[in-house]
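**Q** Questions regarding the structure given below will be posed in turn.
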Amino acid sequence: MSYSVMFALLLLTPLLFSLLCFACRKRRLSATRTVTVLHSLGITLLLILALWVVQTAADAGEIFAAGLWLHIDGLGGLFLAILGVIGFLTGIYSIGYMRHEVAHGELSPVTLCDYYGFFHLFLFTMLLVVTSNNLIVMWAAIEATTLSSAFLVGIYGQRSSLEAAWKYIIICTVGVAFGLFGTVLVYANAASVMPQAEMAIFWSEVLKQSSLLDPTLMLLAFVFLLIGFGTKTGLFPMHAWLPDAHSEAPSPVSALLSAVLLNCALLVLIRYYIIICQAIGSDFPNRLLLIFGMLSVAVAAFFILVQRDIKRLLAYSSVENMGWSRWR
């Protein structure tokens, strides 16, 4: 089987099951049972396909598909494995959790269909982040994770959950806009030095020419990239969305936010970090990462000590862990 077919199966499976779950809204009498069966099948297939791609990439070293648009290497394989396993486990937990919510009147059967639909759509957007080799698609996928998961944060429709969802959207959209500016700087600089300018849109090709990039532009790009994608990793001081989103989202969604979404954004930062270090050396990026990492750990540790809400405490723990991840 070709790599393109393999990647197509991986990416289209959660997208297809998302559409099927949304379609269950029309089956009001049997919606709960039908959508639960579809959801179970979807997360199981996703786990199998994700581990299959990871194993194939491990055997081949790295694989490309759809030309150079899709790519998995050792680093991407690690994050894909995390996504597949955590997506499956949170999906399994969602079945009992959401059944309880429907039974107690917290959600209607129709809203349950929306939950599972957005759950699989969220998985699809994160898969696109992990597998994309196109810089713009990578950025767009990060933005799409915000839009798809915001509905999950506000799924209960209460004032507090809707406020958390809007706060999440606004902070992350503004932050990721900085990431877009950094992405454009990297692309423009790479296009000016590469023999084929159109190849500058692919991360793997930019990496090959990274030593030729302009150090001043790359320094500026890294600042914007760190602010932009650092917002999605919960980096201080752009972390304010995370405690509110955690506390208002259903518990399975909170687990996805911490264990998968933050890591997807971290993966994007790591990919750019590799390019920047080859262009300007590691001193400035490491120093900047250390400063923001120390601040994130210090602020999160303080709020962990005074926090009484368990889900907000876990959110600050995620901020602290992301801070530690920036230390070398």
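The backbone N, Cα and C atoms fix where each Cβ goes, glycine too.
What TrEMBL says about a protein is an automatic prediction, not a curated fact.
Feature table excerpt (TrEMBL):
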type	residues	note
TRANSMEM	6-24	transmembrane segment
TRANSMEM	36-54	transmembrane segment
DOMAIN	68-101	domain 'NADH-Ubiquinone oxidoreductase (complex I) chain 5 N-terminal'
TRANSMEM	74-95	transmembrane segment
TRANSMEM	107-130	transmembrane segment
DOMAIN	132-324	domain 'NADH:quinone oxidoreductase/Mrp antiporter transmembrane'
TRANSMEM	136-156	transmembrane segment
TRANSMEM	168-188	transmembrane segment
TRANSMEM	217-242	transmembrane segment
TRANSMEM	254-276	transmembrane segment
TRANSMEM	288-306	transmembrane segment
**Q** Looking only at the domain 'NADH-Ubiquinone oxidoreductase (complex I) chain 5 N-terminal' (68-101), report the model's average pLDDT.
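**A** Computed over the domain 'NADH-Ubiquinone oxidoreductase (complex I) chain 5 N-terminal' (68-101), the mean pLDDT is 94 on the 0 to 100 scale.
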**Q** In the domain 'NADH-Ubiquinone oxidoreductase (complex I) chain 5 N-terminal' (68-101), how many residues does DSSP call helix, how many strand, and how many coil?
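**A** Here the numbers are 28 helix, 3 strand, 3 coil.
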**Q** Taking contact to mean three or more C-beta pairs under 8 angstroms, with sequence separation of 6 or more, is the transmembrane segment (254-276) in contact with the transmembrane segment (36-54)?
**A** no
**Q** With CB pairs under 8 Å as the measure, which of the listed stretches 74-95, 217-242, 288-306 comes out on top against the transmembrane segment (136-156)?
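**A** It is 217-242 that shares the most Cβ pairs under 8 Å with the transmembrane segment (136-156).
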